[in-house]
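As annotated by TrEMBL, (6S)-NADPHX binding site applies to 106, 157, 221. What TrEMBL records for 192, 193, 194, 195, 196, 220 is AMP binding site. If you look up TrEMBL, you'll see 8-280 marked as domain 'YjeF C-terminal'.
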Ligand SMILES: NC(=O)C1=CN([C@@H]2O[C@H](COP(=O)(O)OP(=O)(O)OC[C@H]3O[C@@H](n4cnc5c(N)ncnc54)[C@H](OP(=O)(O)O)[C@@H]3O)[C@@H](O)[C@H]2O)[C@@H](O)CC1
Ligand SMILES: Nc1ncnc2c1ncn2[C@@H]1O[C@H](COP(=O)(O)OP(=O)(O)O)[C@@H](O)[C@H]1O
Ligand SMILES: [Mg+2]
């Protein structure tokens with residue numbers, strides 16, 4: 001029989017590791033956030049900042065040239081590498097030693113960007129989180145799923161999931177199809193929604209945190225940053241996904257008594273991350 005596990009505080013605490021007193025930024029992991037295109041650089045800012053605020057020691061953003069001033073100004077803690085091209089990504093060239101990569105937010109789907117993603121996937125062996133246009137490009141090139149690093153984390157919302165695995169008629173059929181897909185390609189699928197479900201090795205995890213305040217632009221970009229930040233700290237991929245989804249939802253639960261549902265925006269997820277992580281240390 002399949003296992004169905006609710007992600008509650010005890011499941012999160014089981015996985016959470018406080019930061020060691022003698023740690024330093026080198027030990028906290030270096031994450032690369034690859035994404036952005038003209039008009040969608042905010043997605044990278046949100047991801048990079050969430051990644052830092054989840055404990056990653058170093059974060060570099062890899063973006064098209066036009067986003068340089070934006071990311072340097074909005075997230076001064078992050079380093080920035082730029083593509084040769086101005087408005088979208090055409091290659092992913094770096095010589096960094098990395099512990100995790102978050103890929104795809106705001107990236108667009110230009111054909112040059114397809115090529116860049118293919119060459120990147122062929123060369124890359126670093127733990128990977130793929131979101132948004134990274135998923136959309138994969139959906140157009142399904143044979144590339146074979147070259148993903150094992151246990152890559154995919155974070156589709158329902159529409160992105162449908163592009164990836166095709167149509168379903170019931171939630172049961174969707175879950176069956178996601179399980180088959182996850183097993184075939186040895187990936188972890190975070191099916192974002194209300195509630196978010198995580199499918200990993202034939203186990204379905206159902207998140208218990210979060211609310212409708214998260215129905216706001218950029219909240220998925222923040223989740224990708226959080227999961228990438230945890231992956232950079234050597235959390236096993238499933239643990240990074242489970243803990244990431246839990247704290248992401250918890251920020252909204254903690255915030256709503258103060259912000260209400262309407263005024264809560266993706267930056268507030270980042271703002272409340274400290275309070276959310278603190279609940280796990282108590
Ligand atoms: N500030 C920035 O820079 C931001 C940049 N962003 C970047 O923009 C790019 C495009 O991403 P995207 O998700 O907006 O476009 P897309 O995949 O076509 O999905 C849209 C359609 O999907 C559906 N849908 C979505 N969620 C659903 C759900 N839970 N449950 C059910 N359906 C759902 C819904 O379809 P409908 O229901 O209207 O048929 C909706 O109209 C991407 O790179 C992203 O990173 C954004 O992150 C925003 C902030
Ligand atoms: N009504 C809701 N209840 C709980 N979580 C929600 C709700 N609406 C959206 N979310 C969460 O917000 C995030 C939205 O991600 P996504 O659609 O990728 O946003 P974006 O692309 O704008 O960053 C997901 O983590 C999803 O689970
Ligand atoms: Mg998204």
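Each Cβ is built from the backbone N, Cα and C atoms, and glycine gets one as well.
Unlike curated entries, TrEMBL annotations are predicted automatically.
Using a 10 Å radius centred on the Cβ of residue 195 (AMP binding site) and all shown protein chains, the other Cβ atoms total 16. Nearest in space to residue 193 (AMP binding site), taking C-alpha to C-alpha distance over the binding-site residues 106, 157, 221, is 157.
The Cβ neighbour count for residue 196 (AMP binding site), using a 10 Å radius over every protein chain in view, is 25. Checked against residue 221 ((6S)-NADPHX binding site), the binding-site residues 192, 194, 195, 196 differ in C-alpha distance, with 192 being the nearest. In this structure the residues listed as binding AMP are 192, 193, 194, 195, 196, 220; their two most distant Cα atoms lie 13 Å apart. The Cβ of residue 192 (AMP binding site) lies under 8 Å from the Cβ of 155, 156, 157, 158, 220, 223, each of which sits 6+ residues away along the same chain. Residues from the binding-site residues list (193, 196, 221) with a C-beta closer than 6 Å to any atom of ligand 1: 193, 221. Other residues of the same chain near the (6S)-NADPHX site, with their Cβ within 8 Å of the Cβ centroid of 106, 157, 221, are 43, 104, 105, 131, 132, 218, 220, 224.
Distance noted between the C-alpha atoms of residue 196 (AMP binding site) and residue 106 ((6S)-NADPHX binding site) is 21 Å. According to its DSSP assignment, residue 196 (AMP binding site) is coil. Excluding the listed site residues 192, 193, 194, 195, 196, 220, the same chain places 157, 191, 197, 207, 210, 214 with Cβ atoms within 8 Å of the centre of the AMP site Cβ atoms. Residues within less than 8 Å, Cβ to Cβ, of residue 106 ((6S)-NADPHX binding site) and separated from it by at least 6 positions along the same chain comprise 35, 36, 37, 40, 41, 42, 43, 44, 132, 133, 221.
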